[in-house]
């Protein structure tokens, strides 16, 4: 999988920009707030239709404009592919694959796979459970685009059920028949999410443990555990569904009192344990970076294994923050097999071999141009 070109129109701080990628590694260098991360965000949007930096499309469209656009040309084993994402400040999107409109997100997702590693990913360790759930969901969307539909379905049921519980708080009367219907829908959609998250971590956890040992010199033992809100006993859908309903019964009074749903995968946790200690309580920022790097390498390898092609790797202002050992581990892993886009404010911390084989682009005020150091092939 190779991203050949990217065209940005009225996206973030870009007016009109076309970037042709000429090497397996591209380094985007520039001061802060010039547009480096915006370019990686555009790739992320094409990959998952989600942004880890914004939940509102009006923030993605250049100020003063109504519409923005991202177009990518990709080379896959199956042949070339054009992807177009049209953004509107009112939140309505249109999607195209090879210039043909697609109505369902499902038909757009899965064409471009990318793994992003940014300084914000330290929140995987020290942040809330929601950060770790969001990470799981993004991986699943790439491995199984249908998961995006299941997640949307679940969140819709969750919002409706919460609105129903809040109406009980206001009005003081409860329609038990309607509540039972919402319980069944929440349990049904929630079961489908829970099973997929469980299966993902069964495959991802050993890879993360392997990479963590390799990077830390086998001095630390990482364990990654799925802690679902509804405890799992096996993978049988009916058993999980019944366990879901039972827990809803147990929490019924508390939910009615609080006016919100207390049961379901929206309250799952992913436990990260180093040497039998929760990682958020463990060690330095460097050790936390090691953990996140191990998770990202595991994600990279699993996506490659499942889709049969190496995904893109997006490194947003993190490579220069890694010490030489971690840099070398990352270099050794990706080599030239994974196309890599890297942002940085300076080139001083980079390995000479990286610079020698990389395309170097400068970014200033939403404009990208070739550096004097650029490989001009």
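Going from the start of the chain as shown, residues are counted 1 onward.
Using the three backbone atoms N, Cα and C, a Cβ is placed for every residue, glycine included.
The annotation ATP binding site is assigned in Swiss-Prot to 30, 31, 32, 33, 34, 35, 36, 37.
Scoring each of the binding-site residues (32, 37) by how many neighbouring Cβ atoms lie within 10 Å, the top position goes to 37. Close to the recorded ATP site, the chain also has 38, 343, 345, 363, 364: residues not among 30, 31, 32, 33, 34, 35, 36, 37 whose Cβ is within 8 Å of the site's Cβ mean position.
Long-range Cβ contacts of residue 35 (ATP binding site) within its own chain (separation 6+, distance under 8 Å): 12, 13, 14, 363, 365, 366, 367, 368. Within its own chain, residue 30 (ATP binding site) has 36, 343, 345, 362, 363, 364 as residues 6 or more apart in sequence whose C-beta sits under 8 angstroms from its own. Under DSSP, residue 31 (ATP binding site) is assigned to coil, being neither helix nor strand in the three-state scheme. Every protein chain considered, the tally of other Cβ atoms within 10 Å of the Cβ of residue 31 (ATP binding site) stands at 11. In the three-state DSSP scheme, residue 36 (ATP binding site) falls into the helix class.
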